[in-house]
Amino acid sequence: VVRRSLLQKYEHQPFVSCLAGFYSCRWKRYQRERTEPGKCCCNMVTFCFSLVFLYMWGEGKNDYNSFDWYNYGNLGFWFLWSLVILIVAAVLFAYMSLLLVLAMCLLAEGQRLYLHWSHKIGTFLVLGFSISSLFALSLLWRDHRKTVRLSFQVTAPYLHIGAIAIMVLLAWPVALHAIKADKKVIQVIIVGPYLAILLFLFLIPLGMYSPCIREMGTLGPKPALIGHRGAPMLAPENTEMSFLKTIEHGGDGLETDVAISYDGVPFLMHDDTLRRTTNIQEVYPNDTGKAASFFSWDALQKLNAGTWFLKNKPFVGMGSLSKADQNQAMNQSIYTLSSFLRLADSHNKLVIFDLYRPPEKHPYRNLWLRKILDVILKESKIKRHLVLWLHNSVRSFVQSVAPGFQHTMGRKAPIEDLLKHNIVKLNLVYTDMSSEDIRKYAEANITTNFYVVNEPWLYSLAWCSGAHSVTTNAVHLLKDLSQPLFLMTPQQYNIMWILTDLTSAFLISLIFAL
């Protein structure tokens, strides 16, 4: 307004024109300074969202295999979507971290914050990707939230240190802007929330719980390892090679899935069809959608159950397989339940299996359990204490004809009901893990097994929580853990907590004083 009025009255006088230009520059500078806090806040919000998504997706690595197989079933081809998303999330977080560090440096020196248009677009793209990914994750993979909550039990002490470090880094620009503020109210508005968050972080360990923070000598034995369909990271699942790999790496038990052929032969197969784990498209191209149970055993024997693994190998590259292993994988066939039980019995390994009832119009639809029991008791003659019987129907009948099985329940239930049905073990999804429940069941001599546990941090949590065993795809990795990750005594954690708080308080006070 001043500039325009001066120009209208004295447009031909050089001094007034210069003064009007000065007001114009001041006005533009004022506009820029007003937008600087907004730009910084936008960068901070985007950084936080990208950090949250990176953490959530990174902690979900235990279920990457299930995520990739889900996409394979929908898209019809194999691709490591989970790894691609992780790489993208890490790159976007690194990009936002760099922008934020540069912004903090500029603000700390009192310099003008100016983002190039390309970085503005990049910031909004990162923000949109992070928010939409978090929304999709919470909508389509709701159990993942339970995984993240479990991860806090082992990572919270270290996340606390990271949060304190960020607050120390933010102290300089906060102090600088507070001191430059003209009014006390503005100073309170700037410093107040910062100090409130800092105080919250200082005291949050008082409400923090982790089973891995425990007194020396109170840690229970290492959980037994049960190979989930054998060792699917090293060999084709549910094949002889896969179970031999589990045994070779010291697994304590074997888990599998049992179906029945059209002529009554129990065999190992997880999927309803044979499309994913056999070469049925080459041998029976017109029957790829046909249920596996509607094939005779003679027809099933003609299929190869290993070449798919070499083509799609989800976990490790082909270079990590020896030539002998590649040749062995190429010659795998569908495995029978009888052969599986004999193998387990010869190596004294526990067995647990999911039983799939044949579909409608199958000749063994009403006789399938009796046929499976015949194989267990008469053909394989496996030692009965090695069998963890999971199937819940006709349990009383199974207990009468096959005493000695370790009866296992697939869900939580009151202890009175479990004891009434002679249940000695619970087989639970790992997201149901609770050290309190484990302790309660253990007092009633009921052990717990959690599935599917692949990551060392999750296995460490199960170990600290007192789990008796876990079902895993990664026997070869978890067997090498000599103690849980993140294990420490309460005294060690208190020292770490107090030193962190005192050091950060000293540094922040020094920054504000300077």
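A Cβ is built for glycine as well, from the same backbone N, Cα and C atoms used for every other residue.
Same-chain neighbours of the transmembrane segment (40-58): 85-86, 89-90, 92-93, 96-97, 99-100, 103, 107, 113, 123-124, 126-127, 130-131, 133-134, 137, 144, 148, counting only residues six or more beyond its ends whose CB sits under 8 Å from a CB of the stretch. The transmembrane segment feature in TrEMBL is assigned to 40-58 (among others).
Residues or ranges marked as transmembrane segment in TrEMBL: 78-109 (among others). Sequence-distant contacts of the transmembrane segment (78-109) (same chain, at least 6 residues past either end, Cβ-Cβ under 8 Å): 36, 39-40, 43-44, 46-47, 50-51, 53-54, 57-58, 61, 64, 67-68, 71-72, 115, 119, 122-123, 126, 129-130, 133, 169-170, 172-173, 176-177, 311-312, 314.
As annotated by TrEMBL, transmembrane segment applies to 121-141 (among others).
The transmembrane segment annotation in TrEMBL covers 156-176 (among others).
Summarising the annotation, TrEMBL assigns transmembrane segment to 188-209 (among others).
What TrEMBL lists as domain 'GP-PDE' is 223-482.
Sequence-distant residue pairs (6 or more apart) of the transmembrane segment (156-176) and the transmembrane segment (188-209) include at least 3 whose Cβ atoms are under 8 Å, placing the two stretches in contact.
Across the residues of the domain 'GP-PDE' (223-482), the predicted structure has a mean pLDDT of 93.
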